[in-house]
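Asker: My questions all concern the structure below.
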Amino acid sequence: MGSSRSDVVHEPIDPDTGPVPPARHSPWRGQGPVVGVVAVGGALGATARYGASLLWVTPPSAFPWTILLVNAVGCAIIGVFLVLITEMWTAHRLMRPFFGTGVLGGFTTFSAYAVDFTRLVQDGRIAIAFGYLLGTLVVAMTAVWAAMAATRRVLGVYGGGPGRRAAR
Amino acid sequence: MNWLLVIAGGLVGAPLRYLTDRAVQTRHDSVFPWGTFLVNMVGCLVLGLLTGAAAEGAASQRLQLLLGTGLCGALTTYSTFSYETLRLAEEGARLFAVANVGLSLVVGVGAAFAGTGLAHAIWG
């Protein structure tokens with residue numbers, strides 16, 4: 001367990017830069033395919049978010065449930081995905097940029113979150129505005145934490161040994 | 001047509017986030033996720049500007065779908081923001097985790113207000 005924990009230390013905070021430190025001299029070398037899959041993933045994610053906003057329309061001055069749920073679902077999925085891909089599988093090098101950076105990054109949004117808050121404030125719906133601002137934060141952080149913990153637990157039980165950080 | 005506008009915006013927004021994040025992360029050694037922070041703040045400013053312009057009748061529904069739902073939506077991210085915050089806390093950088101949340105919320109909301117105000121000043 002001691003040796004496996006050392007792998008965790010090299011995992012960067014930023015999931016988009018990958019486990020290998022970027023080369024100082026040529027950070028852009030071989031980036032073409034990565035940029036391509038991020039673009040396709042981002043288009044898919046944005047389309048899914050737009051579809052959700054059409055399916056579950058929220059009136060302008062109401063609580064923006066749809067975007068809250070989109071962000072919460074995206075956070076839960078990224079928790080499962082990044083634990084699987086960093087602690088369990090050795091995935092194809094384009095898998096993480098496509099799904100993590102592209103699809104989930106394109107699906108979830110911070111700009112609509114902030115702008116919907118300002119719109120609610122300008123409409124005088126102060127309680128709803130702050131409920132939305134803090135509610136999204138709490139739900140999203142809980143979703144990513146719970147998803148990561150649950151995935152590590154399942155990997156620990158069914159993965160032939162404890163998940164790397166499940167041993168904590 | 002509406003779907004194509006969102007797709008086109010997403011095709012540009014997500015790689016713009018990736019390339020900006022990468023450019024920022026290769027230029028400093030801090031564990032603080034400045035790359036994600038930067039794209040989120042820029043997205044809040046632009047979407048604020050666009051929303052303000054739309055309220056003044058200066059931005060069409062189609063422009064909002066292309067630049068708002070598509071571009072700004074894909075440029076900004078909540079999943080990476082929350083994951084990075086949790087990773088900072090897990091690695092013992094609790095102060096950075098709290099700072100990431102505090103700064104992102106305060107500056108993001110500030111940027112959205114600034115964008116809207118700027119739009120009213122320009123097109124109002």
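Cβ atoms here come from the backbone N, Cα and C positions, even for glycine.
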Asker: With the ranges B:63-81, B:82-100 to choose from, which does TrEMBL describe as transmembrane segment?
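Answerer: Transmembrane segment, as annotated by TrEMBL, spans B:63-81.
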Asker: Give the nonlocal contacts of the transmembrane segment (B:63-81) in its own chain as ranges (CB under 8 Å, at least six residues past its ends).
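Answerer: Those are 2, 5-14, 16-17, 33, 36, 39-40, 42-44, 46-47, 50-51, 54, 100, 104, in sequence order.
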Asker: I want to verify one value. Collapsing DSSP to three states, which class is B:T76 (Na(+) binding site)?
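Answerer: SS state of B:T76 (Na(+) binding site) = coil.
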Asker: Could you tell me which of these binding-site residues, B:G73, B:T76, has the fewest other Cβ atoms within 10 Å of its Cβ?
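Answerer: Each of the binding-site residues B:G73, B:T76 was scored by Cβ atoms within 10 Å; lowest is B:T76.
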